Amino acid sequence: MTIQSNEFNVAIVGAGVAGLALAMALHRKGVLFTIYEEAKEYSVVGAGIGFGPNGMQALDLIEPGFRPLYEGLCVGNKSADAQWVFFEGYLLEPGLGDNKPWAGNLKSAWGNQDYVRKSAHRKELLDIMTSFIPIESVKFNKKLVSIKEYTDRVMLEFADGEIVAHSILAGSDGIASTVREYLLRPTHPEEALPVYSGAHCYRAVIPMDEAYEIMGEKTDVAKIYFGHNRGAVSYRITGGKELNFLLIKATPNEQWPYPGRVTKQITQEEMLADFDGDNIDDRFRRLVAKAKPVKWGLFHHAKTSTYYKDRVCILGDSAHASMPFQAAGAAQGVEDALVLAYILEELMKSPTRGSEQLEEINAGLAAYDAIRRPRAQKQLDRAFEVGTMIYFQHPECGDDMTKILHKLQNGWLDWLWFPDLKADVETALSQMRNDVQKKA
């Protein structure tokens with residue numbers, strides 16, 4: 001690819017939720033882009049996925065046509081009186097805590113009356129998102145192997161030998177991001193790779209009739225089950241026809257034993273052994289027996305010192321891969337895409353091109369970083385903290401469910417769910433314009 005001197009063109013590496021959201025936004029704004037995806041097609045790995053109110057607010061601003069399509073297929077809690085519930089807390093121990101004074105009648109639930117739970121299957125979500133993106137702007141089987149920056153362009157080389165030039169590279173290539181490593185290894189090598197959080201999980205999607213046979217009415221409302229160094233998460237997807245679940249084991253003092261990979265095929269016996277013991281309700285052993293014997297390490301990007309350098313930036317899991325316990329990773333990636341798209345639109349509209357635009361680009365990406373990085377980092381930190389609550393490792397709460405629920409039920413998610421994203425965009429654009437004026 002050769003970029004004309006007057007052409008502003010964005011490379012998006014990675015076709016996950018954040019990359020697709022950015023592509024949707026850029027397409028609507030008329031900003032030229034190409035998505036480069038390593039896989040041969042869009043990935044459906046991940047099964048259940050959802051957006052909080054902040055994610056839906058961001059998508060409304062990116063593409064108003066998204067919401068009606070998404071709401072036509074997503075599903076929430078079954079009970080009409082539980083639509084506001086994010087999760088309801090119970091125990092992993094025999095009896096599930098049904099006899100505890102804090103349990104029953106949604107007493108152990110947390111959420112918000114202005115929140116409505118919505119979850120979908122990842123494939124259904126991607127089908128909607130990709131319907132807003134021209135297929136000719138997407139290239140599959142593109143494994144990025146090299147990045148080279150010049151004052152007037154960034155060059156990408158792929159494993160098939162193709163070399164392309166773009167004005168900006170936006171890396172949304174997931175937790176094991178090539179773009180992140182390029183960005184951070186020279187100055188912050190300890191941040192280049194994801195960090196093991198001290199826990200692993202097993203995951204599955206099963207038909208609701210099978211789930212109901214095991215868990216009964218506990219399948220009606222999204223649940224988190226708390227336990228000593230173990231936990232479980234479950235919620236309905238696919239219009240209520242299936243249950244998505246994770247079963248988690250915490251190993252806080254151990255290192256991940258499989259360097260260079262985040263998953264490991266193991267035996268059925270090894271998987272079942274993680275949920276042995278008299279302190280675990282037998283229903284969870286029946287559930288884990290339905291999972292594939294694949295151990296998923298729970299990794300995250302514990303700290304990230306910058307989301308950009310010159311013409312290269314990161315978003316989504318490449319920037320802030322997180323624990324899943326606030327179901328917030330996808331929405332944070334969409335927020336990234338929203339702010340970044342407005343910055344890139346501003347750069348496209350500028351008459352400056354080539355080397356002369358580098359200062360402008362730095363001002364724009366610095367503004368993106370200033371708005372998005374602190375908020376995404378806070379979400380990441382809080383999601384990790386919820387994990388410590390689930391495994392009864394929280395330094396303040398321990399295994400005291402009354403203390404845990406007090407934390408979760410008193411506005412724990414309000415700051416995350418109800419931001420003013422229009423104000424975030426305006427603040428980013430204002431900072432960018434001010435920086436450009438100062439340097440003029």
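Count begins at 1; order follows the chain as displayed.
For all residues, glycine too, the Cβ spot is worked out from N, Cα and C.
Summarising the annotation, Swiss-Prot assigns transmembrane segment to 7-26 and lists sequence analysis as the type of evidence. Per Swiss-Prot, the feature FAD binding site maps to Glu37, Gly50, Arg122, Asp317, Ala330; the stated evidence is similarity to another entry. Summarising the annotation, Swiss-Prot assigns N-linked glycosylation site to Asn77 and lists sequence analysis as the type of evidence. If you look up Swiss-Prot, you'll see Arg203, Tyr235 marked as active site, on the strength of similarity to another entry.
Structure coloured by features recorded in Swiss-Prot.
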| residue | record | Cβ contacts under 8 Å, 6 or more apart |
| --- | --- | --- |
| Glu37 | FAD binding site | Gly14, Ala15, Gly19, Val138, Lys139, Phe140, Asn141, Lys142 |
| Gly50 | FAD binding site | Cys74, Arg117, Lys118, Ser119, Ala120, Tyr235, Ala327, Ala330 |
| Asn77 | N-linked glycosylation site | Gln83, Val85, Arg117, Asp220, Val221, Ala222, Arg236 |
| Asp317 | FAD binding site | Gly16, Ala18, Ser172, Gly174, Ile175, Ser177, Gly329, Gly333 |
Checklist outcome for this item: Cα of Arg203 (active site) to Cα of Arg122 (FAD binding site), in Å and rounded, measures 14
Checklist entry - What's the longest C-alpha separation between any two of Glu37, Gly50, Arg122, Asp317, Ala330, the listed FAD-binding residues, in angstrom? => result 22
